[in-house]
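J.: One structure, pasted below without further comment.
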Amino acid sequence: MWYASLMSAHHLRVGIDVGTHSVGLATLRVDDHGTPIELLSALSHIHDSGVGKEGKKDHDTRKKLSGIARRARRLLHHRRTQLQQLDEVLRDLGFPIPTPGEFLDLNEQTDPYRVWRVRARLVEEKLPEELRGPAISMAVRHIARHRGWRNPYSKVESLLSPAEESPFMKALRERILATTGEVLDDGITPGQAMAQVALTHNISMRGPEGILGKLHQSDNANEIRKICARQGVSPDVCKQLLRAVFKADSPRGSAVSRVAPDPLPGQGSFRRAPKCDPEFQRFRIISIVANLRISETKGENRPLTADERRHVVTFLTEDSQADLTWVDVAEKLGVHRRDLRGTAVHTDDGERSAARPPIDATDRIMRQTKISSLKTWWEEADSEQRGAMIRYLYEDPTDSECAEIIAELPEEDQAKLDSLHLPAGRAAYSRESLTALSDHMLATTDDLHEARKRLFGVDDSWAPPAEAINAPVGNPSVDRTLKIVGRYLSAVESMWGTPEVIHVEHVRDGFTSERMADERDKANRRRYNDNQEAMKKIQRDYGKEGYISRGDIVRLDALELQGCACLYCGTTIGYHTCQLDHIVPQAGPGSNNRRGNLVAVCERCNRSKSNTPFAVWAQKCGIPHVGVKEAIGRVRGWRKQTPNTSSEDLTRLKKEVIARLRRTQEDPEIDERSMESVAWMANELHHRIAAAYPETTVMVYRGSITAAARKAAGIDSRINLIGEKGRKDRIDRRHHAVDASVVALMEASVAKTLAERSSLRGEQRLTGKEQTWKQYTGSTVGAREHFEMWRGHMLHLTELFNERLAEDKVYVTQNIRLRLSDGNAHTVNPSKLVSHRLGDGLTVQQIDRACTPALWCALTREKDFDEKNGLPAREDRAIRVHGHEIKSSDYIQVFSKRKKTDSDRDETPFGAIAVRGGFVEIGPSIHHARIYRVEGKKPVYAMLRVFTHDLLSQRHGDLFSAVIPPQSISMRCAEPKLRKAITTGNATYLGWVVVGDELEINVDSFTKYAIGRFLEDFPNTTRWRICGYDTNSKLTLKPIVLAAEGLENPSSAVNEIVELKGWRVAINVLTKVHPTVVRRDALGRPRYSSRSNLPTSWTIE
C-alpha cells in the first residue's frame, strides 16, 4: 500500500473493453489536465465465453453440460432411493422381494419376457397364495422401473382413481396393428399387450425403434389396480402401492429458503420478490416515471404531478403489447419530447429504462404465450390472481387454487409450461415493500429516494446492498466478464489506490452468450450476402461503376420495397431519380440513420420537406396525395423482397416507419449521455461498480465509441502492434488492451462529439452530401477546444503504449482450470468392448487396455507376466477379480478402437473407462500433466497425463500431488520409460502444467519443419499457450499474441500453427531449452510466490 499512497497525488483512470471472448483492461495515471503520465497496466484477458471443447459444436456451455451431468447423477441417486423405499413398502405390506433366479416356474428362468408374462397372468387369473406375493412384487417393481410419463404439475393423487386409456396407449394399439396386424381387446393392460406380442412375434420392444414406445403413468396405474382387484388386494393397500410406485418430488420452490430478506428497516421478515412478480413490474414502471421531469420556460425542471404520474403509468400499463416511445409519453403529457427530461436517469436502485419506456414484461409474456387456455385465464384474472399464479409458476407450488387451475389445463398445455420463460432475478425489496413504495410514489410527487425516507425512515445515504462486481448472474459468458473485471479492479485498488474514473466499453455481444453471438453473426452474414447481391444488381441493372456506398444499397432496398413509388406522394420514381430522406430530422448536427427513418422519395417532395418532420410538412405542403394517412396506407402494402428478410423483420420495419410518419416532433439532439449503453447487463455492471466505488465516476459506453475514437485520433497507424498499420488488425490480441486504454481517456464531451461525427458521416454517405464530417470537431468553441486537447492526450497515450510494447509488458492472459470438472461420458454412446480368451495369452498392450483396474492388477500379478511380452498362452491359468474366479476358458474384456477383423495385439493403450456394458474414451478429460526428469547418464524428460477419472477419489485433497497408482488409466497410457522410472524411483517430479498455461520459450534453436517456417514470418514469438496433450509425449502449443481471426492469406505453416493443429512438440525436445511456465496475477504480472497458495511461475530445469 506504500505505492498506493505515493500515487494518491495523481489521478487514476481505468478502461475496460468487453468483447465476446475477451476483456481488455488498462490503468492510466494522468495529471490535473488529463494528460496521461504513465500506463500502469495494460492487458488482454482471453476467455472461452463459458464454452468448452465438448460444447463447441452446439455452443453448449460448461454450465449446461455440468448441469446435465449433475442432474443425471441426481436422477440415478433419486431413482435408487425410490426403488429402495418401494422395496421397504412391499416388505411392510407382506409382499416378499424375489431373489435373483427365483421364479414362478423354473423352466422360465431364461425367458426374457417372463416379467411381462407374470404381469399378464396377474391380471387374467388369481394365483395361488404361495406365488401371489412374489409375483405382485415382481410386477410392481418392474412397473416402478418403467413407470411412464406424468406431467410434473399433476400430483400422485390423480392416479388413485381409474382413468381413461391415454393417447400413448392408443398409439401403442395402432403401432401393434400396423406391425403385426393384431387388434388388441378393449381394456387390455400394457403387460398383457407386450406378453401377447412377445409370444407370437419377433419384434423389438424397447429403444428408438421399439414397439412399446412412451406410456402414461395412468396406464400403468390402471394395470396395478386391475392386478390388485384380481388378486384380492384391498383398496387401501392398492393405494399405498400406487403412492410408492409413482412418488415424485418437485424441485420447484426448493430455493426459496435461500432468498435474501428485504433490507429495508422493519421488513426483514419478508423475502425479496422475484422480478417476474407483477408487483415488481408495476414498481419498476412507477419508479422510472417518478424520475421524469418537465422542462419549463424558465429553464427549471419540475417533477410530474400525481395526476400526471397516474396518467402516464396507466398509459404504459394498459397495453403491454404496444411498442411505445418516449415521444408517445411526451404527447400524452402534452409537451415536446425535448422538454421531457430524466428518461435515461438511473433510479436509486440502479434501474434505468432503455431507449423506450418501461413495460410490464411479465404481462407481455403471458399475453403472448402459446398456451391458449392459460392466456385466456390471464386476460380474465384480476391483479391478485395474476400475482398468485406467477408466484406458483416461479417458486411457490403450494397455492391450492393455482394448482387446481393448472390441473384443469389440457395435458398438452401443461407440457408447455416449462417453456414459459419469465423474467429472472430478484428485486431489492419484498412484495410488501414494493406495494407500499409504488402506492406512495403514485399518490405524491416523491421519487423512490424520498419515498424510502418517508415510509421506512432511512437517511439520504442509505441504499439497498448491491451485488459484488464478480457475483454470478447465471450467464456463463457474463459471469466470466464480471469475475475478470472484479478481480482487476480489486488489484488496481490494492496496488495504486481507488480510481477516479472507470469507463467500460462493450461490443453488442459482449454481455450475451456465445450461442446468441453466433446467431447474430449468422444474421450479419446473411445481411452481408444480401448487400453483395444488391451491389451486383446496381452494377448490372443500373450501370453504376466504381464504389457503391451503403446509401446506394439502402436506396435500392427502399425503392424495391416501395414498389418504385415515392412514399410521400405516390409518384413513380426510379433508381437514378429517387432520393433518400429522413422521415423525422434530428435537432443539432447529424440525423437518425436507422433504416426505419429512411425512405425513397421524389426530388420535389424532398426539396419541399427539407428538415421538417413529415407529419408537420404533410399538413401544409399542398402537394396532391401527400398525407399521413395516405403514406401509412402505402407502407402497409409493402411486401418482402429478399428470401433472407423474415416476415417478423418486415412487420417490425413497417411498424417503425408508421410510427415515424405520425411523429410531429424532431428527434432530440445528441447529448453527452447518448453514447452510454442501455443494455441490461451494462446497466447492471454500472450499478455494481458504482456501488463498490461510490466516489468514482463510472460510465458504460457502446463499442462504436472506441472505434470512432481510434479513427478520430489516428492512433491505429502509430501503435506498434503486429499486422497492417493504419487499421485495427485483429491478428494481435493486444488490440483489446489498446481499446481499453482509449476508453480510459474518454470523456463525456468527447463522446458527444464522436457521436455527432458518426451521425454526420452516416447522413452524408446515405444522402450523397459533401463529406465534411471528418472536419467536424464539435458544435461549440468549448467542445472543439476540448476535442483538440483530447487528441493531444491520445497521441501521448500512443507513446506510452509503445513503450510498454517494447518492454513486453502488454500482457495477454487467460484463466486456467484447476478444479475437477465433469466429463461427457454420460452423453456418449458406449463403444463395444473386445473379448479375449484368458488362456490364449495377452500382449502388454492388451493388458494395459484391460477394462478395469482390478483386471489389470490380476493379470500383471501373474508369475509368468513379462513387462515386454505380456502373458503367454496357458490352459491352466486362473485369476480372481472382485472375488470372482476367471478360468482360462473364460473371456476377459479390453478396450479397443479397431475393427473386429483387425488384430488389437499391438494397439496402443488410450484413455477410456467402462460404462453401461461398453466403454467411452476420456481423452478430453485430462486434468493436468506432470513433468518428470528421468535420471541417468543423459537425463530425459517425460510427462504423465493425469485423467480426471483417476482423481475422483482424491477430489478433496491436493490433486497435483495425489498418488497415481500403476493400475490407473493415467499410468497405463504413459510412456513405458516413464512408468518404469516412477516404479524404480528414478524419476524426479519437477512440476505440473494444465491447458491454458503460458510457456516462455527460447525459440532460436527451432529452425526446421513448420515451426521454423512460422518463425520466419513471426520471429521472436516467445510466448506460447498450452492447448492440449496430443500424445503421451507431445504438447500442443499456440502463440499467445496471435489470433486466427486476423489471418489473411497466411502461409501453410502459419495457418497450421495459429488456426489449425498448433505446434506439436515433444516434451523431451521442448525441455532442452528450459522453458518457463508463467503464471500471472490479476494485473498480468508474473507470480513467483503466493501466500494464498496460488500457482506460481517455474522453470523446467
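Keep in mind that glycine also has a Cβ here, set from the backbone N, Cα and C atoms.
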J.: Can you dig out which of the ranges 468-513, 836-881 Swiss-Prot describes as region 'RuvC-II'?
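T.: Among 468-513, 836-881, the range Swiss-Prot annotates as region 'RuvC-II' is 468-513.
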J.: Examine the ranges 253-273, 589-609, 652-672 and name the one recorded by Swiss-Prot as region 'Disordered'.
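T.: Range annotated as region 'Disordered' by Swiss-Prot: 253-273.
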J.: What average pLDDT is reported by the model for the region 'Recognition lobe' (64-468)?
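T.: Overall, the region 'Recognition lobe' (64-468) comes to a mean pLDDT of 83.
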J.: Using Cβ atoms and a strict cutoff of less than 8 Å, what residues sit near the region 'Disordered' (253-273) while being 6 or more residues removed from its termini?
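T.: Residues 279-280, 395-398, 426-434, 452, 456-458, 464-465.
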J.: Using a Cβ cut-off under 8 Å and a sequence separation of 6 or more, which residues in the same chain sit near H736 (Mn(2+) 1 binding site)?
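T.: Within the chain, H736 (Mn(2+) 1 binding site) has Cβ neighbours under 8 Å at D17, G19, S22, V23, G24, S44, H45.
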J.: Please list, in sequence order, every residue of the chain apart from C566, C569, C602, C605 whose Cβ lies within 8 Å of the Cβ centroid of the Zn(2+) site.
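T.: The surrounding set, listed in chain order, is L567, Y568, G570, T571, I573, V601, E603, R604, N606, I623, V626.
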J.: So what sits near C605 (Zn(2+) binding site) in its own chain, CB-to-CB under 8 Å and at least six residues off in sequence?
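T.: In sequence order, C566, Y568, C569, T571, D581, C621, I623, V626 meet the Cβ cut-off.
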J.: Using DSSP, what's the helix, strand and coil tally for the region 'Disordered' (253-273)?
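T.: Summed over the region 'Disordered' (253-273), the classes give 3 helix, 4 strand, 14 coil.
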J.: Could you check the binding-site residues C566, C569, C602 and say which one's CB has the most other CB atoms within 10 Å?
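T.: Answer returned by the neighbour count: C566.
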J.: Reduced to three states, what secondary structure does DSSP give H736 (Mn(2+) 1 binding site)?
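T.: The three-state answer is helix.
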J.: What's the number of neighbouring CB atoms sitting within 10 A of the CB on E505 (Mn(2+) 2 binding site)?
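T.: That number is 30.
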